[in-house]
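First up is the structure itself, then whatever we jot down about it.
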Amino acid sequence: MTFHFIFADKEEQRTKKTKNSPSCLGYPVSIFFIVVNEFCERFSYYGMKAVLVLYFKYFIGWDNDLSTTIYHTFVALCYLTPILGAIIADSWLGKTIVYLSIVYTIGQVIMAISAIHDITDTNRDGTPDNMTFHTAMSMLGLMLIALGTGGIKPCVAAFGGDQFEEHQEKQRSTFFSIFYLSINAGSLLSTLITPILRAQECGIYSKQSCFPLAFGVPAALMVVALIVFIAGHSMYIMESPKGNILLRVMKCIGFAIKNRFNHRSKQHPKREHWMDWAEEKYDKLLIAQVKMVLKVLFLYIPLPMFWALFDQQGSRWTLQATTMDGNFGAFIIQPDQMQIVNPILIVIMVPIMDSAVYPLIKKCHINFTPLRRMTVGMLLASLAFVAAALLQIQIDVTNICCRFVNGFRSHLNFTIKSDNLGPIAPLQGSGYLSVPHGKANFTIVNEEGQTCHYILQLGFGSSYTVLIPSTFSFGESCTENIKAIQDIEPNGIHMAWQVIQYFLMTCGEVVFSVTGLDFSYAQAPSNMKSVLQAGWLLTVAVGNIIVLIVAEAGSLPDQWAEYVLFASLLVAVSIIFAVMAYFYTYMDPMEIEAKFMDLEPEEKKRKELGMTTKDNLAYVNNETSNNTDDKQTKI
């Protein structure tokens, strides 16, 4: 499980308003409210996300492809909105958190309401009669959640850092460690708890999987997060806005492109770099910093493919787990609980890699550079999908099937959720129907409209024949004479086999994501680290868009083939990235920036006055007109 931050850059620090913040043990009391807020918010987000794809499949009734598509569309939005949050945060940091948290909370509450099947279950058969209402409500809730969680993602960490004075660098560092711990704690607990809540049965008229509770608890935690954050408002140190470096970079790039286009004729001499066309308006230091940023962003181009595989842990891999046996003897693991393997392995693998693996590689005199580590991480992720494909082949051999034989005296109609077998004549049988494991609720209807609800517990990979005898009759005891004959015993493919693919993916994440963030920080200019963070988040969003495109296309008949396709694509992208990394030259941003720190007096004056090159030339010529005659000055 990867966590992303956009921290405030040192050079972009804003002037603090004079305010005395209460302290405890040398730490501002205000950070307590911020840490608790982050724990509750992460619990809310990851708890809702853990059961989301199963909600689409089993409550809304979508197939695997559509469920995967909507899931990854939501995740993509969650990683696109932080860019918006980063832009507005410099002006309204504290207010941004409050207002977007309200939007976030409303979204979570709407999601919980959308999962209450009794709202539209007028005939009380356990199935909503107006699925359009539930679908529309859930889509509205997800859009509000994406706006809320993404919008505050770059704000909370930076706001927490703003609570410390300049001399509290050690305390600020400790705060960020505690802040990261609160994220891990929230995500771990929610991924463990919400699937258990979903597995419960609840309802007013009929008992169904308790998605309202699984969404309701995260919604309640988000309410707590909002209340806690507002409760500490009188202790917060608020800062005055100074501007946004991301917007400055975008404007600088835009001006360079526009200026180059306006001077595209051959009569204008070429410049060493296309960004040099911004010199007419922007100082050379900013241009040099933008060049460094663009150099790293170019390496980001292949990275979305890694995230396309990584984020399928919450969609395709969770759906795969629904077809496996989660009985561990002393306890039963729910399919959506398997996602907890990733954060657990992260906690174990990170210190092992840092304290054992990397030092061992260094002792072997292997130059394991950051970009080489990232390449290895991508290859490990592709191996994880090969393992998933091999496991899927074994699962596909044993699907869960069920058929009906009508021994009754009249035609009977059999339905399960949205699947209708149609009327079956007396002494006739239906074909086999693939159904999900667990409790299957069948509805039997005769020609007069009488109904009988029959529940059958289906094992993994099993096959059943349901016999309706001649003695069958409708009424309260209609299920007494129905016989379920097991044609094929449940399979023995255990959910524990997924640990292999989770282990490979987590190893890939450690050497790819952690290394990538560190590399980006080291190669970024001092005041543009948030720009690269925004670019990093954008690669996550694009990766999820890739998944939804493939899922929506749905051209591959077998799921294992799709796993192999993704693995092959990532291998190809890894090769491209390795070539790009080979030609990459590592930079020292501080050294490069130092070359531009001592600007010439004329350049400083131009920067202060906001002159263009033409204005600057006029200024310099005017200053030197007493000593020179018709002489051009080059800046």
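The backbone N, Cα and C atoms fix where each Cβ goes, and this holds for glycine too.
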Stretch carrying region 'Disordered' according to TrEMBL (options 258-284, 609-635): 609-635
Stretch-level contact, the transmembrane segment (340-361) and the transmembrane segment (292-310), CB cutoff 8 A, at least 3 pairs: no
Contact check, the transmembrane segment (531-551) vs the transmembrane segment (96-116), 3+ Cβ pairs under 8 Å, seq sep 6+: no
Chain residues in Cβ proximity to the transmembrane segment (96-116) (below 8 Å; excluding those fewer than six residues from its ends, i.e. six or more beyond): 41, 44, 48, 55, 59, 85, 88-89, 134-135, 137-138, 140-149, 151-152, 155-156, 159, 211-212, 214-216, 218-219, 222-223, 225-226, 229-230
Candidate ranges 70-89, 292-310, 499-519 - greatest C-beta contact count to the transmembrane segment (563-587) (under 8 angstroms): 292-310
For the transmembrane segment (292-310), sequence-distant contacts whose Cβ falls under 8 Å of one of its Cβ atoms, 6 or more beyond its ends: 2, 249, 253, 275, 371, 377-378, 381-382, 384-385, 505, 508-509, 512, 516, 520, 523-525, 528, 531-532, 535-536, 538-540, 542-547, 550, 566-567, 569-570, 573-574, 576-577, 580-581, 584, 587, 589, 592
Non-local residues, at least 6 beyond the ends, that sit with Cβ under 8 Å of the transmembrane segment (70-89): 4, 6, 49, 52-53, 56, 62, 96, 100, 142-143, 145-147, 149-155, 158, 244, 246-247, 311, 314-315, 530, 533-534, 537-538, 540-542, 544-545, 547-548, 551
Outside the transmembrane segment (499-519), six or more residues from its ends: residues with CB under 8 Å to it: 2, 4, 303, 306, 309-310, 313, 317, 338, 341-342, 345-346, 349-350, 353, 370-371, 373-374, 376-381, 383-385, 387-388, 391, 536
